[in-house]
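Enquirer: Mind looking over this structure? Questions follow.
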């Protein structure tokens, strides 16, 4: 036993007790005849005191040698502090040390172990084990544990069984790139790491497992955008004998439970909106509905005047930015430049200032009169004091641009409050999406998603219009979960592969085991997967997921701490029957 | 909603209620004017009844078309059965069906979906989704879930935090073979899949995480012996500021909790024995102590007579097989043949029959008198009616042979009772073991294990005699967990690598990140890992782990259901900068 208590638990009730603590030296203050050390462990900080007049001389001398991050063990008497620190849970007491032992010394750490550190991202990643000592990272990991425990206990109590599916599976050309694993025992052959346990969870439903979940690592070998990881964690769920409504209810229940237990927040029934509505109203299939600024379509009231830019546009659409009527010309110009950046790609932006007196001032006053602008204000829901921003062009692109502006404005206006939670369901996703480059249709969710029965006939004629029994759970502008009702009969699954451009042979080679399984009494089933990293970050009120992952990789897919990936031995390559050809 | 109830919950209290069930047709009995169907789901079986005189003609006709494993939905009225079945939880009632819907047909399954199936291992693995419908497999998976929930809740309540460590890490030449993953973004470089999260959990301790656990997949590319899997699951644990005693107490507590909660069994404090004692007394470092048959060493009482075989042996050692005194000559000869099989490798066996009248009859009566044999009986603890079996030769080999015989006899005598649980700790493992082939020492546990401080001086002189702070938890003859106190200072770790034959450069290239970490205030720490697959199987009273894994691989490392591993596209290989050279 290295300690009798932790550094977070001593209080006035322990005064006069002899205790032993162990931990790290957070800081040391030497006042000559007095020496104070803040001792830190996972649970808190306790002040140690060494007093020349009361402390053994050897112990007193040793205390003066302690540097930052030394690991020590200290025994002493708990005493009441003269100068109490109300900001510290242990601030009423200190430990008058009688015995001191250095368990391990430390060289000077490369950055300060403080909530606000002087270390940049790169150095913190290289010394991640030191970064984890900092409260923001440590607490994020503890928070993640709390969330996963809540998830497991909730689902388990609802009759879900966690089943581990394999990590060494088979590569499929569909979807993102697989990570592959050469097989030594089967030379020339490869396993793949799962992008998700999709087919296995469906086979568990065929196997009668009924309610399955798993918190599981998944892998995608994609070029990494910011805040994407090659390995990520899913809360993966599947149920048999259910319709979409049943699934939405169960996982809305789970999410509501998490918000209640973790955040102490009661949320009402989740709003539901169709994919079409979300795209038209927010320009986005994962709208942040913590604030308004809904899209107002202006074609009817802005076209057929003298303004050629609008007249030639497929879509004219605006939003009312609340209380932005007083933006200066310079600020407005900066916003126009912002939407014209290549990442956004607008060619220009029209604005209308809604004056307090009910009049309007716009950048297109040459073409539109006050009555016209009044109609725009109605369509966008603008109030006196607001500013209307209007974009135009091809419908899809313009919506996406305006959505980016909407989010940017909301951020600047402080409308994206991290302590506010606005979940919703987006339903009726399209089954297929057209790849503009290849002209081929891809499964929007995945090839196992069931088309809506009433839309199946459209597959042959207007595949882009077929809706799927697919749904996303959205929280504060993030897709935190998504799923679908699956196909559960061989004929429909074969049809689906056909429309996705698979030959019969390709379909059978890749997914024959699943289609075979559907012949032996597959029940209707469906499910959903949450992205745990993102979910935990949002519940924690953060935008980035990295602090919620103990050992994340950088944007080049590298673990800079252990320096992986790395070259391997020739002997290993030979055993695996592969050669490197760079 | 496909159902109002499950097939396992209806009883007399539901009589006259209209309910809807959904599930699989277990069997169908057609008696002409009556038709009974056993409907099965995860929760049980309910009998459906179709009666020509009471059932709608169309429904009645449809019921006659139902085959085994059809998925159906049936609505009807719960009625009391005339002929109750006390062996079925729902045996008091049946469902008089009014509406019937076939949700999915089934072709004839390749084996019967019964507790005792006609399907062999191979076919059951290929159609694993059908195998999972069988109670023995389904219940094993549910049981596994229950165990993992208990483990997580117990450890979480004790302050342990589950942290996910990465799966894409770095290959190390130490230990078993790694599975590797070529990196597309870093051509010519490879990740490795973890054999265990060993270094990461140690870094979490350096990071102040204090109490860590994780239920995690691990990977070893070894030639598969029976009942080994290339991917397996560990309950991985680590604690900081602990000594061996603390760790033994915590995980003995966990195991006792599991035995209590899962099996309803109270076990006393776990016995502890040293590795040396276990090897001398049971010939084995994972002794099954549900029964006796301890080794009796006979050198002192059997050598220096006329029997050359014993005189020339390093060790003469015997066990008393209880109540085997009446074995026939033929049975004894068969046992002698058994120990002479190449897998065991004994060259012969001496036996002594302990007669009821206190006399002895042995196969070496020519060399030994009754007084000699009496001494053997004392040394082996033999009672009247027992049979003493004696092997001799090189000490290690002979112990191992006698251990195999001891287990075989115990199995034959029914002493290995699956419902009896005898856990123990084996402690003081050797730090190093000599590889006879290369003459090099290997770490017996792993290179991060701490030598006992009092034995460190022996490293330079008699490395084989250095004991480690390493321990195994053994249950019913299986090692279910093992761990150690770790090295936590750079100098000792460097010394250890040196004795393991690493050059300084090799050590730093492979484990520099860990040795660097030890310079920044690494706390004393240690831990343990349980093999979950084995633990669950033993708690479930089974010998093989396969039924406790949803989708196991066969002895060639193949998943015969999905047919993996498999060849991959040339395009994939090219992107990964590798070529296959078979």
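Just so it is clear, glycine is given a Cβ too, placed from its N, Cα and C backbone atoms.
The annotation domain 'Aminoacyl-transfer RNA synthetases class-II family profile' is assigned in TrEMBL to B:144-552. For B:174, B:220, B:445, B:486, the entry in TrEMBL reads L-aspartate binding site. The feature region 'Aspartate' is assigned by TrEMBL to B:198-201. The feature ATP binding site is assigned by TrEMBL to B:220, B:221, B:222, B:229, B:479, B:531, B:532, B:533, B:534.
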Enquirer: Of the binding-site residues B:174, B:220, B:486, which sits closest to residue B:479 (ATP binding site) by Cα distance?
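Expert: Answer for the nearest of the binding-site residues: B:220.
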Enquirer: If I restrict to non-local contacts, at least six residues apart, and a C-beta distance under 8 angstroms, what lies near residue B:222 (ATP binding site) in its own chain?
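Expert: Result: B:176, B:177, B:228, B:230.
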Enquirer: Using all protein chains in view, find how many other C-beta atoms are within 10 Å of the C-beta of residue B:534 (ATP binding site).
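Expert: A 10 Å sphere around the Cβ of residue B:534 (ATP binding site) contains 22 other Cβ atoms.
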Enquirer: With DSSP assignments reduced to helix, strand and coil, which class does residue B:486 (L-aspartate binding site) get?
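Expert: SS state of residue B:486 (L-aspartate binding site) = strand.
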Enquirer: Measuring Cα to Cα, how far is residue B:532 (ATP binding site) from residue B:220 (L-aspartate binding site) in Å?
Expert: 15
Enquirer: Of the binding-site residues B:174, B:445, B:486, which one has its Cα closest to the Cα of residue B:534 (ATP binding site)?
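Expert: For residue B:534 (ATP binding site), the spatially nearest of the binding-site residues is B:445.
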Enquirer: According to DSSP, which of helix, strand or coil covers residue B:222 (ATP binding site)?
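Expert: Its secondary structure by DSSP: coil.
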Enquirer: Take the region 'Aspartate' (B:198-201) and count its residues per DSSP category (helix H/G/I, strand E/B, coil), listing them in that order.
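Expert: Per DSSP, the residues of the region 'Aspartate' (B:198-201) fall into 4 helix, 0 strand, 0 coil.
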Enquirer: With every protein chain in view, how many other Cβ atoms are within 10 Å of the Cβ of residue B:220 (L-aspartate binding site)?
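Expert: For residue B:220 (L-aspartate binding site), the count of other Cβ atoms within 10 Å is 19.
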Enquirer: For the binding-site residues B:174, B:479, which one has the sparsest Cβ surroundings, going by other Cβ atoms within 10 Å?
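Expert: B:479, out of the binding-site residues B:174, B:479, has the fewest neighbouring Cβ atoms within 10 Å.
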Enquirer: When neighbour density is defined as the number of other C-beta atoms within 10 angstroms of a residue's C-beta, which of the binding-site residues B:445, B:486, B:532 has the lowest density?
Expert: B:445
Enquirer: Could you measure the widest C-alpha to C-alpha distance across B:174, B:220, B:445, B:486, the residues recorded as binding L-aspartate, and give it to a whole number of angstrom?
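Expert: The L-aspartate-binding residues span at most 22 Å between Cα atoms.
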Enquirer: Check the region 'Aspartate' (B:198-201) for me and report the mean pLDDT.
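Expert: Overall, the region 'Aspartate' (B:198-201) comes to a mean pLDDT of 97.
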Enquirer: How many angstrom lie between the most widely spaced Cα atoms of the ATP binders B:220, B:221, B:222, B:229, B:479, B:531, B:532, B:533, B:534?
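Expert: Result: 20 Å between the two most distant Cα atoms.
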